[in-house]
Structures are given as structure tokens and as C-alpha cells.
Amino acid sequence: MITIGIETSCDETSVSLLEDGNKILSNLVSSQVEIHKTFGGVVPEVASRIHVEVLNRLIELALEKAKKEFTDIDLIAVTQGPGLIGALWIGIMAAKTLSLALNKPLIGVNHLEGHIFANFLGEDPPTFPFIALIVSGGHTEYILVEDIGVYKILGQTLDDAAGEAFDKVARILGLNYPGGPEIDKISKMGKPIFNFPKIKCDRELDISFSGIKTAVLYLVRDLKKEGKEIPVADIAASFQERVVEELLERAFLALNKFNIKTLVVSGGVASNSYLQRRFKEESRKEGIKLYIPPPYLCTDNGAMIACAGYHLYQKGYKSDLYLSANPDLLLGER
């Protein structure tokens, strides 16, 4: 079965062809990072315009790379939300057009669902139930995944997502956008010598990054007032360590609470080298089976959408031509 996956929820246009739910035939990504870097963040209007410019050609190129024709497509999967409303509609209209023209089934996919299913793109997928941690530019959530399409949110960010916090702290430190890779890189040259405050929330699996972000801001401000040099690498390493340790602590709280031995981590921040090292260390120590996709599947991509769409369709889920973009789509909402 050939599934085409279309992802346009934010600033990446991506199209993928997948065979039988796990074999990637093509996975093309057109990134807008260099364009949005000028503005220090994603400009929704600009993102939508670029999706319009590149999507049709990207679909053709994905088919060429997979050595497939339009008539070979059996299922069309597309990101329905959450995301930027204009950007989402570009992908959905393309998917609807394909569905109508080819008379093939259509399935709307939650973007977060896609990140979870990025871990199913291989020969040894996770078995249910498992705990999923999604850490990206727009989301930080702990999820109990009981089955395909059956999710329970256990905890989430109360303010910034992890990736957003990385971007804001990078800006405070004078680093380039996007901040995650910049902090990851410069942290290797520093030491975590600053003790940023632990995160405290009323619910044990919720998380908040505003306190750490403010602590970084005040530290930099005070050092400047005193005329001291800003130890950017040390501050970055200290911030990164605190964020990762907080994410790790809550992940293992969730595993212990539900007596589960499988942990799935995905989203753009999951490609952070320190995060990967710490999660692997702790998982080995505690006997937890850990899944983290390769970096190219951590960031937004069409393959994860095709994979999620395939599994949802096999489970009996499907959409129709009334499918709409939903920028606030909840996980599990159909």
C-alpha cells in the first residue's frame, strides 16, 4: 500500500511516499529556516506563501524519487492541525485535490500524532501501551498512548514549549535562530556552572519554562550591569542541562506511575545531543526501552504524517472532502 504524506503545519513543506506504513520511498523537505531567520521567528503569512510556491513541485519530485506515478497512490494523509491556519490549509487543499482526482481515500492526521508515529518508521516499532514525550517548537506534552488513536494527556507545558524556550534563551544570549541547534552546539564548549531554579507546578507532570527563561534574562542583565563578560557557552550549557533534566524527571515519573517500560521521545528538540545522551543513560539504567527517531525524522516531515495516516486508516479511521484545518486540534480529536 502506497501512502503519500503531506506536512505544511508551520515552516517546513514536506512530502513523503511510504510503502506499507514503514518503508520510506521518498521524504522531501523544503525548509524555510533561512527566510524566517531574518525575522527572528516564523512569519505565518510568509510561511503560507512559500508553501503555495513549492508544494506542487515537491509532490512531483517525491513521486519521481520514489519511482511512482500518481495512479500508484492508495492513500492520502495530510496534517490537519495543530499549526498555522493558513499553512495547514495549503496542505489540506492539495490533499483534497489528490483524493478527488484519484478517487483515493483521505485521512487527516494530528501533527502530534505524526511525531509519535515517526518512531514506527522502522523494523522494530514500539508496542502499546507506551509513554510518549513530544518536545518541539510548539509543543511539550507527556502522553499515555494506549493504542492507535487512543491517547491520554498526562502533562504539558503551562507556557512556552521547550523549543520556544530554546529560541528565546538563544535570543537573550545573542545566538541565531533557530535557537535549539545553536544552544546544543555552543553548550559543548561550556560547563553547566549556573544553578537555574527547578521547575515547580501544581500537577507533577506539567512543566513550565518561564522561570528558567527569566533566570537567564536576569543573569545576563546583571552581568552586563556589572560590566562583566557574558559566558554564553556556560549559560547555554546550564540552561540546556536544567531543561533536559526536568523533561527526563517527568518522563520517568510517568513511566513509574503507569508501570510502563517503553518510552517514545519525538519532536524537533528530541534531536538535541545532550537530551539524547541523558535519556539513553537513564533508560539503560532503569531497564526502559527507549525510542527516539533519527534527527531527520525528529523535525517536521511528511513521512511521519504518512506513517500515522497509514496506521489510522488500517484501524478504520478516515476523513472526507469536508476535512478542515484546525489550528487548535487536540490529540485524539477527529
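Numbers run from 1 along the shown chain.
Just so it is clear, glycine is given a Cβ too, placed from its N, Cα and C backbone atoms.
Summarising the annotation, Swiss-Prot assigns Fe cation binding site to His111, His115, Asp300 and lists sequence analysis as the type of evidence. A C-beta separation below 8 Å, combined with a sequence spacing of at least six in one chain, links His111 (Fe cation binding site) to Glu7, Ser9, Thr79, Gly81, Pro82, Gly83, Asp300, Ile305, Leu329.
Gly180 (substrate binding site) has a Cβ environment of 26 other Cβ atoms inside 10 Å. Residues annotated as substrate binding site in Swiss-Prot, with sequence analysis given as evidence: Ile134, Val135, Ser136, Gly137, Gly138, Asp167, Gly180, Asp184, Asn272.
In sequence order, Cys10, Pro82, Gly83, Ala161, Gly163, Glu164 constitute the residues six or more apart from Gly138 (substrate binding site) in its chain with CB-CB distances below 8 Å.
Across the structure, Asn272 (substrate binding site) and His115 (Fe cation binding site) place their CA atoms 15 angstrom apart.
Between the CA atoms of Gly180 (substrate binding site) and His115 (Fe cation binding site) there is a gap of 17 Å, rounded to the nearest whole number.
Asp300 (Fe cation binding site) counts 28 other C-beta atoms within 10 Å of its own C-beta, drawing on all protein chains shown.
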